[in-house]
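Undergrad: Quick one: the structure is below, and I'll ask about it shortly.
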Amino acid sequence: MSVPGWYPDPGGQPGAYRYWDGDSWSAETTTDPRQPGPGAGGPGAGGAGSGGTGPGSRAAYLTVAALVLVVVIAIAAIMIFRTTTAGSPITDRSYPDSTVSGWDDSQPTDQPTSVSPSPSPDGSRPCPLGDPNRREAHPEDGRVHGGNLSFPAAGNFQPAAPEPRLSFAYDVTQQYLGVNDNPGWIAQLAVGRLLGSDFPGQPKAIAELIMQCGVTTDMYQPYSPNRQDLRNEAITISGQQGWLIEADIRVDKPGLPFPGDKVIFIVVPDGDNWGMFFGAVPIGNTDLTNQLNQVVRDLRID
């Protein structure tokens, strides 16, 4: 044991080291054998100022090297952390859980079954929710078909197309004609089907309800409509007894050069269901009013 250094304590103290200087054991002990020995700062074996590599010098060099290593490791750890966090996308996008009503997608949103109209004196029911874009098969015969009703295609109107705003009906087809550019406004002719399960009752009551639905849903409701009935009477189409209601619907639409629309709704039996006609032209437009009346006369049950 001629080499100076820290050795396990010959006294048997667990985890302790005692320094051997080549001649004798030191009085002090340590638990870290990497530290320099007692009095290691003095001149080494090469003599004073010789710059030799005695035990004291080697221990000092080891201490400096250890400190440098610790600093390097710390700097490297910081750089790795910054690189990792800066280059990684954010993956913890926490959304409200399903107990928060505004984000609750655990169940589909309930689809409304009706659009509530304005109160009416006769206590009419709310408007059912139909599917106007659900089309049936119809012949291509120069007529516009919807439900069991049809009328000759109007050459001065646009070709037949869907009309989703008649949201209480099914199998709806319309023709429309632009009658004002700014604000935009159209005249319309449309036919479709009403389900008997949605509209039970007699033709007169059904005609009243769909007139009310037309006024109080997206067709006119955005324009604060005011309804004035002109006709409320029975009508016969292809031998079937139905009902017709005609009304002026006046609207609040700045810039519109006429007060609103002349509107006609007609219902006729269609087995357990109803055939429906809807027509609207500008109030005061004689030519289009005459055309609307002619279309009503030309209605046919197919």
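Please read every residue number as a count from 1 along the shown chain.
Glycine too: its Cβ is placed from the backbone N, Cα and C atoms.
Automated prediction, rather than curation, is the source of TrEMBL annotations.
When I checked TrEMBL for this same protein, it listed these features:
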| type | residues | note |
| --- | --- | --- |
| COMPBIAS | 38-55 | compositional bias 'Gly residues' |
| COMPBIAS | 96-117 | compositional bias 'Polar residues' |
| COMPBIAS | 132-144 | compositional bias 'Basic and acidic residues' |
| DOMAIN | 4-36 | domain 'DUF2510' |
| REGION | 1-55 | region 'Disordered' |
| REGION | 87-156 | region 'Disordered' |
| TRANSMEM | 59-81 | transmembrane segment |
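A description of the local structural setting of each listed feature is requested, covering burial, neighbours and distances.
TA: Under 8 Å from some Cβ of the compositional bias 'Basic and acidic residues' (132-144) lie the Cβ atoms of residues 150-153, 160, 162-167, 169-175, 189, 191-193, 300, 302, all in the same chain and six or more residues away from its ends.
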Undergrad: Express the predicted model's confidence over the domain 'DUF2510' (4-36) as a mean pLDDT, rounded to an integer.
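TA: Over the domain 'DUF2510' (4-36), the predicted model scores a mean pLDDT of 77.
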